[in-house]
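Visitor: Take a look at this one; I'll ask things after.
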Amino acid sequence: MAKEENKSGEQSSSEWKQFIYNPSSGEILGRTASSWALILLFYLVFYGFLAGLFTLTMWVMLQTLDDSVPKYRDRVSFPGLMISPKSAGLEISFSKSDKSHMKSILKFFTHFYHHTMTPYKLQMCSARKAITTEQEGVEEKKSCQFNRSSLGPCAGLEGNEYFGYNDGSPCVLVKMNRIIGLKPDGNPHINCTSKAENISLQYYPEYGKIDLMYYPYYGKKTHVNYVQPLVAVKITPSNSTGTSEIVLECKLYGSPNLKNNDDRDKFLGRVNFKLEIKD
């Protein structure tokens, strides 16, 4: 019985060796060298054709795309609003006596102004006039200067280095999100409301106006030095002591081709945020 098992094992081993290489026929793994060469050539041609077809279709598709402007923009037709300084859950909380936390807010404002309002390669433009006709066919579009001093006490210039956070009257910057090709009609401006009756709101520039000279926006690649217009809102509670919690909603008004109310998108033309001021 044991001898039969040994013979069966030797036969199986011999069959495997012959399958790997058969010296009588010269076959390797059941195929001759010419058969292996033909099948490898077939797969080389087949996958080479597939790769070439894929490359060709990608090249044809890329010819239909503009390097500066997205082809499909219908899903983002109206801009939203956003505030600065940015915070988790759009809740800005600070203490007038906490210098370390206040420093982080001041650092944000300083960094923000430095990187968004440098006058390098910017030019003076005519107020309330969109620059469109002179921009056609130009590779790098003109960018208008934003006068930081128009933000009044929220500009952080001499005498207002703390942006109102040291005395409990903080400044919040509101901006409209960028959309390529957007041209607001009318006189767009931002207005904020709150259910709290004990606060005063001041807008800079006056009436929260957004100047048309900053539009249209042509995209990051073409409008390299574009500066976004800002509206600063200075919030002053009537009670200067204790803790104040204020919920505000800022909306975009004055432009008939822009929306500020959509149940499916709470940021479309508006933004809600909470402000907590502590002693």
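Each residue, glycine too, has its Cβ placed from N, Cα and C.
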Visitor: Can you sort out which of C144, C250 is the disulfide partner Swiss-Prot gives for C192?
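Guide: It is C250, per the disulfide annotation in Swiss-Prot.
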Visitor: Return the single candidate from C144, C171 listed in Swiss-Prot as disulfide-linked to C154.
Guide: C171
Visitor: DSSP three-state call for C154 (disulfide bond): helix, strand or coil?
Guide: helix
Visitor: For N239 (N-linked glycosylation site), just give me the three-state DSSP call.
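Guide: SS state of N239 (N-linked glycosylation site) = coil.
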Visitor: How far is it from N198 (N-linked glycosylation site) to C250 (disulfide bond), counting Cα to Cα, in Å?
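Guide: Pair distance, Cα basis, whole Å: 17 Å.
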Visitor: Within the same chain, where does the transmembrane segment (36-56) have neighbours whose Cβ lies under 8 angstroms from its own Cβ atoms, ignoring anything closer than 6 residues to its ends? I mean 6 or more beyond.
Guide: 28
Visitor: How many neighbouring Cβ atoms, not counting its own, are there within 10 Å of the Cβ of C125 (disulfide bond)?
Guide: 17
